[in-house]
Amino acid sequence: MSQTTIDPRSLRTPPRRPLRLSWSDERVRAIVWQILVVGIIGAIVWWLWSNTVHNLEVRRIATGFGFLSREAGLPIAENLIPYSPTDTYFRALLIGLLNTLKVAVVGIVLATIFGTLIGIARLSKNWLLSKIAGVYIEVIRDLPLLLQLLFWYAILQGLPGPRQALHPVDGVFLSNRGLKLPWIEWQDAHSYALLAFALGALFTWFYRRDAIAKRIIDGRPRPVWPMALGCMLVLPVAIWAAAGAPWTVDWPELRGFNFRGGLNMSPEYFALLLGLTTYTAGFIAEIVRAGILAVPHGQWEAAQALGLRPGQVLKQVVLPQALRVIIPPMTSQYLNITKNSSLAVAIGYQDIVSIANTTLNQTGQAIEGIAIIMLVYLSISLSISLFMNWYNARIALVER
Amino acid sequence: MPQFGPSFMRTMGAAALGLALALPGVARAQAPAANANTFDAVRARGQLVCGVNTGLAGFAQPDSQGVWRGFDVDYCRAVSAAIFGDPNKVRYVPTTAQVRFTALQSGEVDVLSRNTTWTLSRDTALGLDFAATNFFDGQGFMVKSALGVKSAKELEGATICVQPGTTTEQNLSDWARANRIRFTPVVIERLEEIVSAFVAGRCDAYTTDVSGLAATRSAQPKPDDYLILPEVISKEPLAIGVRQGDARFADVVRWTHFLLLSAEEFGITQANVDQMANDPRPEVQRILGKNGELGKMLGLDNLWAVNVIKAVGNYSEVFDRSLKPIGIQRGPNALWTGGGLQYSPPFR
């Protein structure tokens, strides 16, 4: 678009009037009201704060975050980074935060995929498929999430014990202790390869953006896949091979009471993930359906009339418009998954709430503990909101 | 001691607590009460406010009529009888593990009779005093008999069910570290959930206080399928807490407990307390107020002991009424004359 299309009238600003110190001046009134409101809120916050501090002092309750550096002594079953009970409360809370993120992030990805598929299935012309999707949505949405979590957890507990574990394929064991999978013994070479993959993916993304920009100028398509293959597959493999190509598989095996080695997915994590995913997918399905139905039928027909293939119609015409309807309510669902993950305490998954609860009980620092929980959820939620708002702005209808 | 409220309740409780501390009018007004003389405040009010568990079989639980019953509840009744001559002048405030100490500190309750383990840090940092240990407990393990385990030392590599939040969790990891035992914890808060996880075989062992294990075991359809291992890995002296700053009130609570012990020692029961007043033994006469002024020294009626024993009986009667039915043995809670730890200083 060239500059000449901008209406010159829209560039004009209204004339500035001098500020008069009078109640009849709208701007003076606005400033006074704002100062008053901010002042009142500030006073209330200060009042609450000073009273809390005063009352804690009177009751001789120690305050502060000094307890964070004390030894926690609490056992945690699942940790993404090394942890032992001799570590500090801070580290224990960090493990809790990572556990919350582990279930929230995976849950968001799975619920999005699963929910989109169900939403599309509900629009399907296949009667059976659309009815199944409809019943799924109605049932899942109408039952309390806590009940569903307990249901899944009870089912997983009904699995046989470790000595009678289900053993469908070599190295895979399913028992009431969780799902055991063989896993490679992680070494530095694997970390380097993973890093190379991440950098490769980033580079590919920039390359693709550049390729699209060039195509818009000269109309010649440039294939991205050779670059993607090179950066995301060949390079990491080459680095891994150069580092000695380590490849030792860690097989799970039954020793004593439990399985040792391999990768473990605990029933607690699995039940929580399953519950959160299936529950939220029900809502996401409806959002996706609404988004697709919001695109007028004429758009489909017009795109077809242009000679676009069905895949292109969906990708180039319908989805970009549907996404504008889908993204804002989707943000709420992502926030819901994150916050609902705090129901983990009911089934024994040690997320941030579980560990912070234990911490505040052992140290007696109730207010600090609750503040930490609030801070964690606020940070995660604001991050999700910020990202989704950025994405929403990016795909929004650009008005020129 | 484990705790039994659902977690969101506790979180809400803690949030409410924060609010209570923050809310100016309410909290400021209460602040002086926290330092005032508890004994006089209770007398003036005409009612004892007693913090109890939110519901733990044998210790404190409302029955089908909504009347609180249990071992801890009987202690509230005993203190009420000592002060007012009437065991029913008690208001019960169910407290979760999380709010119990603040409830006491803020003056919301006068006395905390609620399975609370007496530890140094609690005694010093929380603005409270422990008046008397009325139940000696310890943490143990329970396994299924079919597992073939006879000692906790054999639990290497096991998955162990544990309730979060209190000393139980830390005792477990201390014990495992000391004995070089690796274990996988399964940490579930609600009592019913963790028991069902253990019964379903999610864990090889379940750990909590031995009294709790016994209660859980006796509640199973086939108690013989479960075995409580001999090791007791911690000391859990469950004590009655009072607010710091009123030694007189603490004395009343402490000597009410000693009275129950002495009554058992001298064979004074709910049924024979009136006849016992004619007993020739001098200490019995002193206890029952026939001789001397022990009651007055505590600031109570001289017949306080008669009122208490008429209301709840002696220690063994209190114990047998609430704890025996759920399968808890006297064990360390036997009198010192019976090889236990319960020992009363002389009434003199």
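Each Cβ is built from the backbone N, Cα and C atoms, and glycine gets one as well.
If you look up TrEMBL, you'll see A:30-49 (among others) marked as transmembrane segment.
The domain 'ABC transmembrane type-1' feature in TrEMBL is assigned to A:97-388.
As annotated by TrEMBL, transmembrane segment applies to A:103-123 (among others).
Look at TrEMBL and you will find A:135-155 (among others) tagged as transmembrane segment. Sequence-distant contacts of the transmembrane segment (A:135-155) (same chain, at least 6 residues past either end, Cβ-Cβ under 8 Å): 118, 122, 267-268, 270-272, 274-276, 278-279, 281-283, 285-286, 340, 343, 346-347.
Taken from TrEMBL, the feature transmembrane segment covers A:189-207 (among others).
Sequence annotations record features per position, and here TrEMBL assigns transmembrane segment to A:228-249 (among others). Non-local neighbours of the transmembrane segment (A:228-249) in the same chain are 171, 182-185, 187-190, 192-194, 196-197, 199-201, 203-204, 207-208; each lies 6+ residues outside the stretch with a CB under 8 Å from one of its CB atoms.
The transmembrane segment annotation in TrEMBL covers A:269-288 (among others).
If you look up TrEMBL, you'll see A:370-391 (among others) marked as transmembrane segment. Within the chain carrying the transmembrane segment (A:370-391), a Cβ under 8 angstroms from the stretch's Cβ atoms is held by residues 93, 97, 100-101, 104, 327-328, 330-331, 334-335, 338-339, 342, 352-353, 356, 360, all 6 or more beyond its ends.
For the transmembrane segment (A:189-207), the list of distant contacts is 224, 227-228, 230-232, 235-237, 239-240, 243-246: same-chain residues at least six beyond its ends, Cβ to Cβ under 8 Å.
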